[in-house]
Every structure is written in structure tokens, then in C-alpha cells.
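**Q** Please read through the structure below; I'll follow up with questions.
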Amino acid sequence: MKYNNIFETRVTMYVYEEIINNEKLTNIINTIHENVKYLPGHKIPENVIAVPDVVEAAKNADILIFVLPHQFIRTLCSTLLDNIKPTAVGLSLIKGFGRGEGNSIELISKIIEKHLRIQCNVLMGANLANEVAEEKFCETTIGCKDKRLAPVLRDLIQTLNFRVVVVEDCETVEVCGALKNIVACAAGFVDGLGLGDNTKAAVIRLGLMEMIKFVDTFYSGSKLSTFFESCGIADLITTCYGGRNRRVCEQFVKTGKTIKALEDELLSGQKLQGPATADEVHDMLKARNLTDKFPLFTAVHRICTEQLRPADLIDQIRSHPEHV
């Protein structure tokens with residue numbers, strides 16, 4: 001927004017209220033323009049106003065940007081229902097799935113559309129928060145089927161160092177953003193075991209192939225080209241080398257602590273998405289007798305739930321369907 005004058009200058013940001021050193025987090029953000037708990041050391045633009053009431057933050061907004069752990073989206077939507085403009089549109093940055101009926105999964109954008117009765121688009125890409133905050137060059141992908149809205153969203157988000165490509169293949173964009181966290185867990189296990197770069201590259205490749213197979217199986221009409229956008233292979237690479245899922249799963253191997261304990265210890269209150277997504281995907285695949293088609297996804301779930309040892313990972317993918 002700092003390079004575009006067609007939008008409102010004031011941006012309200014809902015912040016879950018917490019007390020940090022006897023002071024409200026929203027007051028800290030609005031005074032020193034820094035989120036000292038979740039993004040310390042990085043200045044937030046002064047036109048971004050932290051608000052502890054989500055209804056107040058969303059009031060009169062034309063574009064609602066959703067960035068929160070996927071487990072909380074339904075609760076948020078129930079709070080916002082009938083409290084937003086009927087003409088508002090959504091943009092989801094949430095990387096994960098919701099649980100549907102009968103061991104199925106739901107895309108977060110579809111949950112938002114269903115509960116709030118608005119159009120919801122998606123943004124996914126190789127965008128580690130610290131590097132974006134430091135304004136290091138990166139790319140992202142917006143999934144938007146509305147040709148009139150697409151350039152508006154692009155211009156809203158794009159800066160000189162944050163380049164945006166818009167595609168219409170919304171489902172693939174969103175699914176990539178969720179599944180890559182499962183693969184990143186596997187990459188973390190490999191790092192924790194000290195298996196080296198060749199093994200890690202193999203795990204990343206097999207993970208990508210399972211991502212493609214998953215989309216082909218459950219979301220017809222997808223485009224292979226979408227996997228070559230930032231939301232696909234680029235986000236997969238950066239998450240498998242620099243993301244929190246990789247880091248926590250590496251420590252899971254090295255320390256023997258549980259995923260939950262490491263989440264509490266290392267993430268300062270943030271939530272780990274990979275194990276939860278692996279659990280949701282596993283339930284869906286198991287209900288359809290497809291777990292053998294996705295051995296990497298299945299192995300990550302079983303390791304995270306301590307049904308397998310991390311050292312068993314390679315045995316689970318040694319005879320991968322991609323090797324036949």
C-alpha cells in the first residue's frame with residue numbers, strides 16, 4: 001500500500017489482546033509500532049492500527065485479509081457474521097485445512113465464503129515473515145477467479161520488493177499452501193537425523209509429487225503450471241529450509257520432546273500447522289483407502305503422533321509409487 005494512492009490510508013488490524021510486561025499488546029503496537037511478541041525488531045507502518053475487537057476492526061472494510069491459525073477460522077467467522085459489509089471481499093493467507101463432514105477437509109476460503117457469504121480469494125507464496133518485514137525481494141501468488149477484482153488485489157499487495165502473480169487456479173494455490181507444511185515436517189526429520197542434502201532433496205521431490213497427486217485426486221480442473229508459481233515449488237523450498245515446521249521437527253528428532261512441548265518452547269505462542277494438517281489429510285486419505293498412494297504424508301502423520309520413529313521415515317518412502 002505504501003506505493004499506491006487509490007486505497008484508504010488507515011488499515012485496522014485485529015490483534016488478540018495480551019499483556020506484555022504489564023501493558024496491552026495493542027497499546028504497544030500503536031505506540032512504538034512493533035509487535036514485540038510475534039515480530040520483534042520490525043517496524044509496523046504507522047497507518048496500521050491495532051484493534052482488540054475483531055468486529056470493530058472489520059467494520060466498514062471493503063477487503064478483509066485473514067491471517068490466523070486455521071483452527072480458529074470458524075469461531076472468527078461466527079463473530080463476524082452480520083457485522084461486515086455485504087459487498088466486502090476476503091483474501092485468505094491461512095495455510096491449512098478445516099475439517100469437513102465424513103473425514104473430509106474443507107478449504108479455508110470455502111469456509112469463509114460459506115459462513116460470511118462473501119467472495120474469498122487466496123494468497124500463498126515463499127514469504128517467510130521476517131524476510132518480508134525486512135523488505136527483502138520475494139514473490140507471491142494470488143488465486144482469484146474474478147478478473148475485475150484481480151488487479152485491485154494485486155495493486156493492494158504489491159510493492160517494489162513484494163511481487164505478485166495472479167492466477168485463476170484458486171484451489172491449487174490454497175492446497176499448496178497447506179500441504180507444503182507436511183513436507184517441511186519430513187524435511188525437518190531428515191535434518192534432525194543428519195541424513196544430508198541428497199536425502200532432503202529426495203524428500204522434497206517426493207513431497208511435491210504427492211502434492212500434485214493430491215490436487216489431481218480431489219480438485220479437478222487444476223493446472224500443473226500453478227505448481228511452478230511461488231505458491232508451489234518456491235514456497236515448498238523455502239519452508240523446507242527456513243520455516244518453523246522444519247525447525248520444530250528437527251528439534252523433535254534431536255531432543256526427543258513432544259511436538260506440543262516444542263511448539264510451546266520455540267514458537268512464542270504461535271501454532272505449528274504441519275502436524276495438524278498431516279492429521280487432517282491422513283483422516284481423509286484413510287477414509288478413502290488412499291494412504292498407500294501418499295506414503296510421505298502418511299509417514300509424517302505417524303511420526304508426529306509417535307506411531308513411528310523419525311528414523312523409520314526413509315523405510316516408508318523407499319518403495320514410493322514414484323519409484324515404480
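Placement of Cβ uses the backbone N, Cα and C atoms for every residue, glycine included.
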**Q** Say TrEMBL lists A129, R244, K271, Q273 as binding NAD(+): which of F66, F72, F189 is in the same site, per that record?
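**A** So the NAD(+) site in TrEMBL includes A129, R244, K271, Q273 plus, from the candidates F66, F72, F189, F72.
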**Q** If TrEMBL gives R244, N245 as binding substrate, which of K95, K110, K114, K136 does it give for that site as well?
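**A** When TrEMBL describes the substrate site, the candidate it includes is K95.
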**Q** Compute the C-alpha separation of F72 (NAD(+) binding site) from K95 (substrate binding site), stating it in Å without decimals.
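**A** Approximately 12 Å lies between the Cα of F72 (NAD(+) binding site) and that of K95 (substrate binding site).
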**Q** NAD(+) site residues F72, A129, R244, K271, Q273: biggest Cα-Cα distance, Å?
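**A** Value for the max Cα separation, rounded to a whole number: 20 Å.
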**Q** F72 (NAD(+) binding site) has how many other Cβ neighbours within 10 Å of its own Cβ?
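**A** The Cβ of F72 (NAD(+) binding site) has 12 Cβ neighbours within 10 Å.
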**Q** If you run through the domain 'Glycerol-3-phosphate dehydrogenase NAD-dependent C-terminal' (169-314) with DSSP, how many residues end up as helix, strand and coil?
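**A** For that range the per-state counts are 116 helix, 0 strand, 30 coil.
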**Q** Relative to the Cα of K95 (substrate binding site), which of the recorded positions A129, K180, R244, K271, Q273 have a Cα no more than 10 Å away?
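**A** Correct set: K180, Q273.
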**Q** What three-state class does DSSP give F72 (NAD(+) binding site)?
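**A** Helix, per DSSP.
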